[in-house]
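What TrEMBL lists as region 'Disordered' is B:1-20. The compositional bias 'Basic and acidic residues' feature in TrEMBL is assigned to B:11-20. Sequence annotations record features per position, and here TrEMBL assigns substrate binding site to B:HIS42, B:HIS273, B:ARG366, B:SER393, B:HIS470, B:ASP478, B:HIS482, B:ARG529. The site 'Important for catalytic activity' annotation in TrEMBL covers B:HIS42, B:HIS273. TrEMBL lists B:ASP169, B:ASN199, B:ILE201 with the feature Mg(2+) binding site. What TrEMBL lists as domain 'Transketolase-like pyrimidine-binding' is B:363-534. Annotation source TrEMBL lists active site, proton donor at B:GLU420.
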There are 2 protein chains.
Amino acid sequence: MLTSNTTALRPHQDPADIPHDDMANALRALAMDAVEQAKSGHPGMPMGMADVATALFARFVTLDPGRPDWPDRDRFILSAGHGSMLLYGINHLLGYADMGIDQLKRFRQLGAITAGHPEHGHTLGVETTTGPLGQGLATAVGMALAERMLNARFGDELVDHHTYVIAGDGCLMEGISHEAIDLAGHLKLGKLIVLWDDNGISIDGRTTLSTSTDQLARFRAAGWDVMRVDGHAHHALVDAIAEARSTERPTLIACRTTIGFGAPTKAGTEAVHGAPLGAAEIEGARARLGWNHPPFEVPEGVRTAWAGIAERGRHAREAWEKRLAASGQRAAFEAAMEGELPADFDEKLAAYKRELAESAPKVATRKASEMALGVINAATDLTVGGSADLTHSNLTYTKGLVPVAPGAYGGRYLHYGIREHAMAAVMNGLALHRGSIPYGGTFLVFSDYAKGAMRLSALMGQRVVYVLTHDSIGLGEDGPTHQPVEHLAMLRATPNLYVFRPADAVETLEAWQLALHAEGTPSVLALSRQNLPTFRTTHSEENLTGYGGYVVRKPRRRRDVTLIATGSEVELAFKAADLLAERDVDAAVVSLPCWELFERQSADYRRAVLGTAPRVGIEAAGRLGWDRWIGERGRFVGMEGFGASAPAGDLYQHFNITPEAVVDATCDLLTCA
Amino acid sequence: MLTSNTTALRPHQDPADIPHDDMANALRALAMDAVEQAKSGHPGMPMGMADVATALFARFVTLDPGRPDWPDRDRFILSAGHGSMLLYGINHLLGYADMGIDQLKRFRQLGAITAGHPEHGHTLGVETTTGPLGQGLATAVGMALAERMLNARFGDELVDHHTYVIAGDGCLMEGISHEAIDLAGHLKLGKLIVLWDDNGISIDGRTTLSTSTDQLARFRAAGWDVMRVDGHAHHALVDAIAEARSTERPTLIACRTTIGFGAPTKAGTEAVHGAPLGAAEIEGARARLGWNHPPFEVPEGVRTAWAGIAERGRHAREAWEKRLAASGQRAAFEAAMEGELPADFDEKLAAYKRELAESAPKVATRKASEMALGVINAATDLTVGGSADLTHSNLTYTKGLVPVAPGAYGGRYLHYGIREHAMAAVMNGLALHRGSIPYGGTFLVFSDYAKGAMRLSALMGQRVVYVLTHDSIGLGEDGPTHQPVEHLAMLRATPNLYVFRPADAVETLEAWQLALHAEGTPSVLALSRQNLPTFRTTHSEENLTGYGGYVVRKPRRRRDVTLIATGSEVELAFKAADLLAERDVDAAVVSLPCWELFERQSADYRRAVLGTAPRVGIEAAGRLGWDRWIGERGRFVGMEGFGASAPAGDLYQHFNITPEAVVDATCDLLTCA
């Protein structure tokens, strides 16, 4: 029973006491009014999906606007983030404290919480930042997974909620959706319900311009239950959602809607997608919808109906609080949700660091990371590991970790499959849900595939750790397709992201410690495939990597030159310093494992570390960004283009990233003996 | 009829005169020998897919190793690029001039053409660089599309070939595969045939660890024909491929194979995927396969059989040459394949540039790009435009361009859908196939989604133009999810990629001209949403953007300070220069639209442009990379973190990227009146 006809103005007349039409029309009116006032925004989606959202919230979504962080709330994700006014309208009517009508009037204005796309952390009740299409859907998979994993640990009493997603055509066309739905179907995340705004319109016009895919068949192939429903038929929607909640597989509900429902001339066309309707069209829509209220005004009855949803949520939350108080697992549950590392965590790491300084292992930093994770995963149960099908290369697995499997969510390791983008988004979902600290591995070069979601880790300030191994031409034979050259720069350029490139086992442990403590910042650990000696053979209580950069080898008497390196090239700097000593040049070696943290030190500290002598930067990567450290007189020894396929040693020679090249660069700057 | 049992050693006994088993075993032996000799590589896939490859080549693939660039050859794409030895083995046996047995013996060594993953341009007969999973499949979609588009223009006589892909589980799990197969299914690319190495094994173990997807149902949902076949049954494979060639939709053939077929203990396990087999296993494999020849030796009969394939191709090519010679379209066809711009192309652009200097339009550079494209698309028929569903935002469409549609390939515009990654890969495929110059649009921030394929544009040196609009906080209200901050750095860090950020309509035209002439380098045009004045009001015959950077406003008498900016911030630098003049500070303004080209100028030229006066860099993006131009004493006016949602003007004020901020930065460096 489809009503795609745009003249079918009155959506389903709900006989129940909830005035469904009015509740939905309030969302439509707020969206068109706010977009009109802002002179920019997207009215089409909120107007088209208002009925779906009303059916979903009126009957099903359980949350408490007074306690937006209640752990067992349902998660509602607006993956089609351009329809932000739908969410802001809902949150306004539900009574979130920050979402007064003034905020709707200041939609998309500086200082308002009503950003163009919903931003987690900026606005209450926004579970994740959306806008880049497909991200919300994939992040929701992580949240639904977190729910099951916590449920496995704490039971139905404390953890039993749904994850609802509104997704658009764009979300389903983006590649990340494939990775996400495959993983969700495989893991049988039955409490994940996706409501697809199937309006047949994208920005360029009808979706038939660019797709012929049978989405229901596609989701079914991925192990989902699927349904199709008239997105303007209240009862049918309620029935569909109720059915979706009852199955053991995730569900896609295709909601056939009219974009911009109610707009007299623009509904059902791309004209209503992303621009204000204009005064005449809004007037026409008001008339057609029977919404005779001034802009931004919502009658009391409608407000009361929406407030009832919040009230229902408050009761549920209070009942849950009682269950929590009575639960023997309270402390463990709260510790998990707070994500605090155990009190003796740092002590255990310090003891292990002392061991490392003494044993001075010569291992690849990916191996050092595995060793560190052995200690970390034993010291806290917060960590949840995984890899995008490179477990034995990334060395992300440690003994005793049980993999999560379909229907068996008690484990702490995730086989993400060959899905770097979804891995990053799922980790965002795990972190946002709270209850764990996710880390996941792939090769550094494949951060290309994950970048869209990594950016959101940074923008949302989530504690997610990216274990990115094979971090340079040092990976050798796999060749230029697998050798990162520009990726350190790409990641360093991203705000609020720690990019650690540790030089040895001690720095690797320190980087892990910093990453796990960085509650508001995701981290990248760029790790070598090839073995590296341990330089930090004198134990330091202090986390020197926390300074971002420091003098790892002091000059013997005076400082003639400062060699600055990261990761595997610190070894090379040491060797160059030895060679220079033979030529009576006294070199300091600076390790610079985390530029972001180094930037944060005082100018005096930085000056002291970098010194006033000429400087040579060394990194088996592109130069971009290095001029900051080496200055105008400085030299750089690194990559100038893409890599090549050959054993690592041959490549370092071939690309002239050698101790001798560093000596030559130095002797260009100084007089060498 | 599946023979997934690993002890079933003898694949199908072919009764025909082609010794199928021996042809396939030659590929297996070469792969295991080369990997063993290299002490690294991936034997499992070549051994598992040797039967499939043999069936495909023996009966179907038409190409001429003596003329690897014959335009009407079939395209064979090894999307599972880690199985490179399969391709090198084939190319060796087919007789490619560069692929002597010495190259197989030097697999993965420095200077050899047998790189770890197949590299286009490095090795004959490698149609595209693969290794990053899914890329080959998506690029093949572009090639199959190119075939249809050229066929529409030149007919079956000149253009009538197939695109064959071997893809692995990883290719099908990656998100890009979704975008690619949806587009291929939608466009009904019936001559695209994908052979899936369905071996049930990925690096972490059985694929059931991470996926439950019914791939056949999935491809069917996307509009493909699908088949399942025993990947070791020669006749069944031949029948399947023959059937696939006869249909009007693209076809997926799921080939059930045993990874590492023949290896006595490791076949069918992940142990055979990515490591040498070891001497004992190889000996056992030789015995089981009945291959009693020393390493790297192939008996004459087998060589003759493979050479017959090449011979068949040569005849086909010669027949085609005759058709071409007799064709009235010869000149037009050759011009298209050579990709040469018309002789009067630059003249037309110069005339338009003169107009621009005179009319000095105040338009966004995205609009300037649209205006330039109006001239360009009229001056050459090589360009093929498109957008990832942002046509009216990217302004990539020009009047008269007909969109390509399913079954109707005569157009020059592509509705790529909301598929940035596939768009980039498809453009690579169009460029690699030859016959057009593809350009495609999205927002700059969504280069995140496309980066994996953009990197390959650069690595392969393909003339692909990325029209990336909405290039800063200047996009305004859409907020930080849509505001690029790190993307210019990410792209500038990528080798062999021109990143143009033009400041006005003249620079935009110049950037287009350079991009279209850059036959071995892809280009990014980073374009503003907001209007900008034209500075270049004096016509210059010379393409000043081609210098990468130049003084766009000279100081009046002396140069007290140099303001260096790109794109929309050049306007701001002009305003700051005016303000500084009031304070008796004489500023030069340098426009730096393309760092890569500026780097390429002589040191003297660069010194002259940058000057010796203190410098201030201005860009509404992160600082990373700018220290190269502003030096240690320099200041930078730009972004320090993510953006925000508000009107553009408010954001520039909020983030303090203003003429006043530039004046302040300058007066920090100098004494201002």
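Cβ coordinates come from backbone N, Cα and C, glycine included.
Because TrEMBL annotations are produced automatically, they should be read as predictions rather than curated entries.
Structural mapping of features recorded in TrEMBL.
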{"residue": "B:HIS42", "record": "substrate binding site", "DSSP class": "coil"}
{"residue": "B:ASP169", "record": "Mg(2+) binding site", "DSSP class": "helix"}
{"residue": "B:ASN199", "record": "Mg(2+) binding site", "DSSP class": "coil"}
{"residue": "B:HIS273", "record": "substrate binding site", "DSSP class": "coil"}
{"residue": "B:ARG366", "record": "substrate binding site", "DSSP class": "helix"}
{"residue": "B:GLU420", "record": "active site, proton donor", "DSSP class": "helix"}
{"residue": "B:HIS470", "record": "substrate binding site", "DSSP class": "coil"}
{"residue": "B:ASP478", "record": "substrate binding site", "DSSP class": "coil"}
{"residue": "B:ARG529", "record": "substrate binding site", "DSSP class": "coil"}
Notebook entry, point to check: Using a Cβ-Cβ cut-off below 8 Å, which of the binding-site residues B:HIS42, B:ARG366, B:HIS470, B:ARG529 are near chain A?
Noted result: none
Note to self: With Cβ-Cβ distance below 8 Å and at least 6 positions apart along the chain, what are the contacts of B:ARG366 (substrate binding site)? List them in sequence order.
What the structure shows: B:SER393, B:ASN394, B:LEU395, B:VAL467, B:THR469, B:HIS470, B:LEU527, B:SER528, B:ARG529
Check: What is the nearest of the recorded positions B:HIS42, B:HIS273, B:GLU420, B:HIS482 to B:ILE201 (Mg(2+) binding site), using the Cα of each?
Finding: B:HIS273
Notebook entry, point to check: At the level of the C-alpha atoms, what whole-angstrom distance separates B:HIS273 (substrate binding site) and B:ASN199 (Mg(2+) binding site)?
Noted result: 11
Margin query: Looking only at the domain 'Transketolase-like pyrimidine-binding' (B:363-534), what is the model's average confidence as pLDDT?
Written below: 98
Item checked: Cβ-centroid neighbours of Mg(2+) site B:ASP169, B:ASN199, B:ILE201, 8 Å, sequence order -> B:GLY48, B:GLY168, B:ASP197, B:ASP198, B:GLY200, B:SER202, B:THR207, B:THR257, B:ILE259
Item checked: Fewest other C-beta atoms within 10 angstroms, as judged across B:ASN199, B:SER393, which are the binding-site residues -> B:SER393
Margin query: By the count of other Cβ atoms within 10 Å, pick out the sparsest of the recorded positions B:ASP169, B:GLU420.
Written below: B:ASP169
Margin query: Please report the distance from the Cα of B:HIS482 (substrate binding site) to the Cα of B:ASP169 (Mg(2+) binding site), rounded to the nearest angstrom.
Written below: 33
Check: So what sits near B:ASP478 (substrate binding site) in its own chain, CB-to-CB under 8 Å and at least six residues off in sequence?
Finding: B:HIS470, B:SER645
Margin query: Distance check, please: Cα of B:GLU420 (active site, proton donor) against Cα of B:ASN199 (Mg(2+) binding site), rounded to an integer number of angstrom.
Written below: 30
Margin query: Return only the integer: C-alpha distance in Å from B:ASP169 (Mg(2+) binding site) to B:HIS42 (substrate binding site).
Written below: 15
Next item on the list: Pop the Cα-Cα gap between B:ASN199 (Mg(2+) binding site) and B:HIS42 (substrate binding site) into the table, whole Å please.
Entry: 14
Margin query: These are the binding-site residues: B:HIS42, B:HIS482, B:ARG529. Which one scores highest on other Cβ atoms within 10 Å?
Written below: B:HIS42
Next item on the list: Could you say which of the binding-site residues B:HIS273, B:HIS470 has its Cβ with the most other Cβ atoms inside 10 Å?
Entry: B:HIS470
